[in-house]
Amino acid sequence: VYGPQRLMARFQLVRVSLNWTVLLIVAHFTYLLVGATIFQILEREAESNNRNYFQLEKLNFLANYTCLDRPALEKFVILDAWERGVNPSGNSTNPSNWDFSSSFFFAGTVVTTIGYGNLSPSTVSGQVFCVFYALCGIPLNLAFLKQLGKFRQQNHSVRQTVEALAVSLFFITGSLLFLVIPPLLFSYVEGWTFGEGFYFSFITLSTIGFGDYVVGTDPDKEYISLYRSLAGIWIIFALAWLALILNMGARIMEHVIGLTHPGFKKQVEEEEEEAVSTRKLEDASKI
């Protein structure tokens, strides 16, 4: 049973952890919003110029080669256009790849290191900003994920029975929210099969990001303006959930190995004691 002083100390620790977690969440999403705004400002005009250029090239080509129709021409120029981040089909009024929703989604793929490859900055200013944005954003994202892992450990490690129930509920609920329901929605909106939606979800959350499937890029579909922003928010929280799952998996593996190899368990305990002693010395030196 915990004594009053120990309970109070634990409560203070949890409160500090909660405050720090909330601060990181606010900082993380503020960083994404600022990044999305700047990417939009730096890249949208260049995209508009490229789009107008390709539309003019299509018209000139069709005027000179009347044997080709518009669909055949769009297939002909699609590779060069996509390399510049421009949808060659339709006309110059097509939705922008650098509207705020798409820019927010792109900023999320930068800090999470997913990088689908279907969209990238084309201006020098955008490329330079992207470098420094990633340099600051990737550590921030890692700190955000790490802090969520610590917060969960501090709030669910009181008793082993409660721990097991919490882990099971956390895994089942998270699987539904991040690996089952999203593929269903993606399949419905994008016209994919469930297998393709599930494949996209896993490739995204594992940060592999092949770019063969990306949400909100079909030129023949009309998406709501917040669609890609919501997909970006799903990526952030799903990655946080996955980080916690991997953290718990590592702890379970350490426990199993410790049962079968006592020497390993002793080494882990010694490392933990050394880490605690180091923190105490650092705290004492600050006083």
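Every residue, even glycine, has its Cβ placed from backbone N, Cα and C.
Transmembrane segment is the annotation TrEMBL gives to one range among 64-82, 197-215, and that range is 197-215. Contact count against the transmembrane segment (20-42) (Cβ pairs under 8 Å) is highest for 125-144, out of 125-144, 164-185, 197-215.
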